[in-house]
Structures are given as structure tokens and as C-alpha cells.
Amino acid sequence: MQLFIEETYEDMSRRAADLIAAQLIVDPASTLGLATGSTPIGLYADLVEDFQADRISFEQVTTFNLDEYRGLSPEHDQSYRYFMQKNLFDHVDIDPEATSVPDGANPDAQAACESYEQAISEAGGIDLQLLGLGHNGHIGFNEPCDEFPVRTHVVELTESTINANSRLFESIDQVPREAYTMGIGTIMKARAILVVASGVDKAQIVRDAFFGPVTPQVPASVLQLHPNVTVVVDAEAGSLL
Ligand code: GLP
């Protein structure tokens with residue numbers, strides 16, 4: 001594992017964006033795994049800036065997002081598809097057909113998850129997977145549980161995740177209770193993984209995930225077993241290291 005502890009959120013974002021930009025420069029036809037949440041917003045803005053400055057292009061890039069709320073249409077302003085359009089896709093030269101987010105509007109969980117998993121395989125797998133970190137160690141929407149889920153699947157969100165994400169909805173009742181998410185196996189198959197975390201409220205989970213025991217009760221801890229992981233945190237999230 002490679003660990004960068006940057007001073008500020010802006011520095012963390014710039015470092016992570018540089019690592020993604022480097023991937024696109026080395027292989028302009030990369031397949032990226034992308035994440036939502038507040039943490040990556042800054043790094044997406046930096047990537048848009050890099051695109052506008054002609055440093056990188058997304059023309060040949062393919063993307064797969066980690067997860068999506070079950071029951072939200074792509075147009076819903078809290079859907080992860082909407083988030084990706086607003087924070088990245090609408091501002092760069094990516095082919096809309098080359099961007100995938102699990103289909104939250106498809107009520108058939110098995111079909112939605114199976115076709116997503118297959119599309120990732122058909123694209124040749126993910127070159128670089130970006131991950132945020134939930135307060136309970138979830139990655140994507142893989143919540144703490146008794147065994148690591150392998151493939152893309154439907155999950156019931158925990159109260160802690162519903163509470164954390166309710167800040168973005170008008171009321172907690174509007175937060176979907178379920179989501180489709182890549183599995184831990186799907187994530188671990190990525191050739192490289194980049195984790196970002198910021199803020200003092202992530203300090204304990206950063207420590208537990210990367211320096212504690214590997215256990216499905218802390219889903220991100222499995223990343224300790226991946227051969228190519230880079231963790232980029234700001235000083236607050238790294239304050240217990
Ligand atoms: C959500 C997403 C995760 C994300 C996590 C942390 O639950 N499904 O993919 O990593 O929240 O979000 P934030 O970066 O806002 O703390």
C-alpha cells in the first residue's frame with residue numbers, strides 16, 4: 001500500500017487527480033471505476049480543469065460507477081448518475097455510451113446486477129478503481145457483514161449510512177433503503193485501487209481499515225490484501241496514523 005497524507009482537502013484532491021491523470025496519460029483508453037460521495041467532488045473538479053487545460057482527454061475512456069440507489073431514476077438529483085453528470089461527465093469529452101452506473105430504475109435486482117457485472121468483464125475489467133470510505137468502512141455500498149460479498153448485488157443500507165446520506169435529501173424518509181453495488185470481488189479485481197478520505201470524522205476508520213485486522217465487519221480492510229492500492233488522505237483523516 002502506498003499512503004499519501006496531504007495537508008488539506010484541496011491537496012488531497014490534487015494528488016488523487018494527478019494519479020488518475022497519470023493513468024489516462026499512460027493509457028488513454030483506460031477503464032476507470034468511479035465513486036460518488038462528497039470526498040471525490042474536489043478531485044473531479046481538478047480533472048475537469050486538467051481536461052480544459054488540454055492535459056488529459058476522456059475521449060477513449062470507459063467508466064463504471066461503484067453503486068446506485070435502487071429506485072432512483074437517472075434524472076433524480078440524488079441519483080449517482082446525476083452526480084456523475086454534474087461533477088464530471090457533462091464537462092469532459094467522454095462518450096456518454098462509455099459511462100455506466102448500475103441501473104437503479106430497474107426493479108429486477110438480479111438482472112440489473114448480473115448485466116452490470118457482465119459489462120465490466122466484457123470491457124476487460126477495471127484499470128483504476130476510485131473509492132471513498134464510509135464511516136463504518138463501507139466501500140461502494142458494501143456494508144459491514146459476516147462475509148465479503150463477491151459480485152454486484154442489491155444491499156439494504158444500514159441506519160448509519162442512511163443517516164449519513166440523509167444530509168443530501170430533503171428528509172430522511174426520502175433516502176432509499178436499498179442500493180445496487182459492485183461486490184468486494186468486483187472491486188478487488190481492479191488492477192489498481194485509489195482510496196480517498198478527508199476530515200477528522202474519517203480518522204478512526206482510516207486507521208481501522210488500513211492498520212486493523214482484515215474483516216468483513218470493516219469492508220475496506222480487505223484492500224490491505226490488494227497488490228496495488230494507493231490511499232490519499234488529508235491531514236485530518238490521517239491524524240490517527
Ligand atoms: C456513500 C457511497 C460511497 C462513499 C461513501 C462516503 O455511501 N455509496 O461510495 O464512499 O458514501 O461518502 P463521503 O465521501 O460523502 O463521505
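Note: Cβ is positioned from N, Cα and C throughout, glycine not excepted.
TrEMBL annotations: computationally assigned, not manually curated.
TrEMBL has this to say about the protein:
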DOMAIN    9-225  domain 'Glucosamine/galactosamine-6-phosphate isomerase'
ACT_SITE  ASP67  active site, proton acceptor
ACT_SITE  ASN136  active site, for ring-opening step
ACT_SITE  HIS138  active site, proton acceptor
ACT_SITE  GLU143  active site, for ring-opening step
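Everything TrEMBL records as a feature, shown here on the structure.
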residue: ASP67; record: active site, proton acceptor; DSSP (3 states): strand
residue: ASN136; record: active site, for ring-opening step; DSSP (3 states): coil
residue: GLU143; record: active site, for ring-opening step; DSSP (3 states): coil
- Item | CB within-chain contacts under 8 A for ASP67 (active site, proton acceptor), separation at least 6 | THR36, TYR80, PRO102, GLY140, PHE141, ALA179, TYR180, THR181, MET182
- Close in space but at least six residues away in sequence, with Cβ under 8 Å from that of GLU143 (active site, for ring-opening step), the same-chain residues are GLY134, ASN136, VAL155, GLU156, LEU157, THR158, THR161, PRO219
- Message: Taking only same-chain residues 6+ apart in sequence, whose CB is under 8 Å from that of HIS138 (active site, proton acceptor), what do you get?
- Response: PRO144, THR158, THR161, PRO219, ALA220
- Query: Those active-site residues, ASP67, ASN136, GLU143: which ones have a Cβ sitting under 6 Å from ligand 1?
  - Reply: ASP67
